[in-house]
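Participant: What Swiss-Prot lists as SUMO2 cross-link is Lys51, and the listing cites similarity to another entry. Annotated N-acetylmethionine per Swiss-Prot: Met1, in sequence order. The feature N-acetylthreonine is assigned by Swiss-Prot to Thr2. If you look up Swiss-Prot, you'll see Thr2 marked as phosphothreonine, on the strength of a large-scale study or a structure entry. Annotation comment: Swiss-Prot describes Lys5, Lys51, Lys70, Lys117 as N6-acetyllysine. Marked as phosphoserine by Swiss-Prot: Ser60, Ser186, Ser232. Taken from Swiss-Prot, the feature 3'-nitrotyrosine covers Tyr84, Tyr106, and the record attributes it to similarity to another entry. Sequence annotations record features per position, and here Swiss-Prot assigns site 'Interaction with phosphoserine on interacting protein' to Arg58, Arg129.
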Amino acid sequence: MTMDKSELVQKAKLAEQAERYDDMAAAMKAVTEQGHELSNEERNLLSVAYKNVVGARRSSWRVISSIEQKTERNEKKQQMGKEYREKIEAELQDICNDVLELLDKYLIPNATQPESKVFYLKMKGDYFRYLSEVASGDNKQTTVSNSQQAYQEAFEISKKEMQPTHPIRLGLALNFSVFYYEILNSPEKACSLAKTAFDEAIAELDTLNEESYKDSTLIMQLLRDNLTLWTSENQGDEGDAGEGEN
């Protein structure tokens with residue numbers, strides 16, 4: 001029995017409440033594949049679902065990679081760690097490729113509003129960034145370059161079409177700056193991007209409407225936290241490398 005759009009959306013909401021994010025992602029993938037432009041609510045459900053699905057694998061990958069490094073003297077343990085890490089990597093890559101296919105095939109081509117276009121291009125940058133975290137060699141170069149390209153395109157549209165206080169524009173600046181810091185190892189560029197976004201938003205705080213006030217100020221706080229952390233790390237202090245992301 002094929003479910004219609006409203007039933008799939010309802011299923012996604014139920015799955016979210018039950019914290020069954022794989023089910024939530026499957027439901028929202030089916031909604032997307034129907035080929036209509038998503039509403040803001042549907043867009044957010046899709047984003048939350050995949051963010052949790054991929055987030056669980058990114059977190060597992062970091063834990064196993066760290067354990068793998070600590071077992072260098074024990075070949076058997078290290079081999080087991082390596083195999084398990086590769087299993088998680090394969091899952092993570094499948095998820096990212098799923099999202100990237102939805103973006104290229106449906107979401108980006110169907111986006112009529114600049115806000116949606118920026119949202120989806122940011123998402124494209126994010127999922128190529130997640131791929132680049134686990135990639136190596138030529139594959140890494142390709143994913144890094146694709147990520148930067150998507151972020152850059154989103155960034156240019158956002159500067160032209162959106163207020164500096166818009167939560168999507170701020171979220172993009174946050175993640176693009178994390179990309180510069182973590183993936184390109186360019187702390188100066190990361191700090192400059194984050195600081196500019198923060199300062200421009202502060203200067204226009206009075207343009208914030210009530211519904212996005214909470215979202216915007218939360219992201220501004222994350223931008224400021226990252227700036228504080230990155231500045232202290234570059235001055236040689238041992239900082240906690242837990243960058244905030246949107």
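Glycine is no exception: its Cβ is also placed from the backbone N, Cα and C atoms.
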Participant: Cα-Cα, whole number of Å: the residue listed as 'SUMO2 cross-link' versus Arg58 (site 'Interaction with phosphoserine on interacting protein')?
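Facilitator: Roughly 10 Å, rounded to the nearest whole number.
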Participant: If one looks at the chain holding Tyr84 (3'-nitrotyrosine), which residues at least 6 apart in sequence have a CB under 8 angstroms from its CB?
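Facilitator: The list for Tyr84 (3'-nitrotyrosine) reads Ile64, given in order along the sequence.
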Participant: Which of the three DSSP states, helix, strand or coil, fits Ser186 (phosphoserine)?
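Facilitator: In the DSSP reduction, Ser186 (phosphoserine) maps to coil.
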